[in-house]
């Protein structure tokens, strides 16, 4: 919401009084709210959401005297409502909106004779206030300053770096197993053919980016239908990914390996139970996905498994393909965050709108790592109760880290490429958070992650005089031995 965000602090009449905070939107050019509750003045709330207050005759005389009044939005301007409320003795005007909260904007000079605070509040919050606090409620408004840094970013940072590092390492383990399994040129060729469907070539890279662009635009215009398609795909893909991740761990445990035969195929019993567990986890998340208190934990677990499996499965054949993929997705990220506001009618970026759910849609795309904000602020109550990091900001640089790890394995370079690229990713994440804290607005993380990882990998290859081999990719050696 491109507006001034504040907090309505409501207190019930019980002993001890039950309190709860709600999001409000106000215009700081019209009124200055206190920064803390200590300096705020409480008013009894009069619920008049049965009227829009476009005429003083709608309200009995004396009902508003020295009270905070909440009325419905519509039919007349904020200025008309404010003047009527002020003339009837109200000390605070809340305007309830059933649609998404938007900026309160008007000619400042028209409001010079209006002295009472005016704020927008969600109608659903008024209903919740009555259910939780009762009919006798005292309210006040204040607007605490935004915290310079939220510690949820530390959790996001650890999750992202852990996922990228583990995904790259897992890809290297798979590469080492491939090299050990290849015993002859004929078998090596067969192995290559089996893996062609999971290898990104420059052509498939370009096609992938085009599909991303088309899908994002379609989501912007047809969000309320396509969001359920994305949720369904996420459930299926994350369940399979979680199974692959856990199956790799279970495979290292030498106990409980009893097998059953079904349709001429032999399978371990423990893997059958594992498959049921992974499916159940995805179903539970799908059913309770809007339960903010704990569903984010399950979403993050499924999301990390999805990213790990993606990084391990999809292989970049050479550094050239990595440069094309990361470069194009960097342009994609910047365009849809910074350029599209000049194109859209409401002046919002397509990327931000889709991430938040266009036009106030309550369903959110499950393609992000979510961690609840730990610092209390108005943003926590309004539109940003979670710190977010898109899967793409993990997967895209993760594919480069995985290529570096596989190149280390192929050339026996003691993990120098893998370690330096992982450190570069961590530095890029820190840089992203620093810019985010300074600019107070969402950032395309790839704008910082892509240069850090690409430049670092290039410098390592140049310093080791392996740029040509690194650029074209190192093919399997016929005489390779562990």
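Using N, Cα and C of the backbone, Cβ positions are placed for all residues, glycine too.
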| Residues flagged as transmembrane segment in TrEMBL, choosing from 198-222, 348-372 | 198-222
| Looking at the ranges 111-130, 131-150, 151-170, which is given as transmembrane segment in TrEMBL? | 151-170
| query | Of the ranges 67-89, 228-250, which one does TrEMBL list as transmembrane segment? | reply | 228-250
| Within the domain 'PA' (54-125), residues counted as helix, strand or coil by DSSP | 20 helix, 16 strand, 36 coil
| Which stretch from 198-222, 228-250, 271-288, 294-311, 416-439 shares the most C-beta pairs under 8 Å with the transmembrane segment (445-462)? | 416-439
| request: For the transmembrane segment (323-343), could you work out the same-chain residues 6 or more beyond its ends whose Cβ comes under 8 Å from its Cβ atoms? | output: 200, 202, 205-206, 208-209, 212-213, 216, 316, 349-352, 392, 396-397, 399-400, 442-447, 450, 453-454
| request: Determine which residues of the chain contact the transmembrane segment (151-170) at the Cβ level, with the cut-off under 8 Å and only residues 6 or more beyond its ends counted. | output: 248, 300, 304, 307-308, 310-312, 369, 371-375, 386-389, 393-394, 397-398, 401-402, 404-405, 418, 421-422, 425-426, 429-430, 433, 436
| query | So which of 228-250, 294-311, 384-404 has the most C-beta pairs under 8 Å when paired with the transmembrane segment (416-439)? | reply | 384-404
